[in-house]
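See below for the structure under consideration.
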């Protein structure tokens, strides 16, 4: 995976071009989940629910340093700090974003797919419905952390409070707030609108939904092909044993 894989994360969503992609790493997130599911057994621990929570967030936590390095590789034009120091800028909201991606791609997709199967007869349609639902939630919830991590990476001298205010100012125009609100109520309304109805969220969420649908569809297809291969191998082995038994019966009778 090259540094170019995360180029779209270097600017807030409302500045991204139509051809940009979200800075997530779904294939690795899926791979980490497979390893954790195989190696970690929560029921063997004294606090299984806590262990399940750790395994749920672990893929996102483990991917945070990787995504930080990738994004820092592409931010040298805006932040001249050394690469390792630059990669730590915005790491807290970036970690939140990666955790939301991991949970969305893994647990949420499975959760919605299982419920879609009760109304959709096609496994492919259920898988797609699960991916779309999970992608919408992950994209919506991760939008603010994504923007804060990007701002911090490009403007490390500013505090998170200043960067959040910049996010609010960029997302919500003064004219969008009702005129009868003044003072603190007006400022609170702008913050609420920026967080609940963030600018550019639809475009970025659509990108995440698409990536979830493609990746989960590929995984589902590979799982179906593997199951078919196993079923075919078992049937062929059974048929072979049957032919061997038939050939052995006349010899035993003689």
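FYI, residue positions are counted from 1 along the chain as it appears here.
A Cβ is built for glycine as well, from the same backbone N, Cα and C atoms used for every other residue.
The range from 211-232, 233-254 that TrEMBL describes as region 'Disordered' is residues 233-254. As a summary of secondary structure, the compositional bias 'Basic and acidic residues' (236-245) carries 10 helix, 0 strand, 0 coil according to DSSP.
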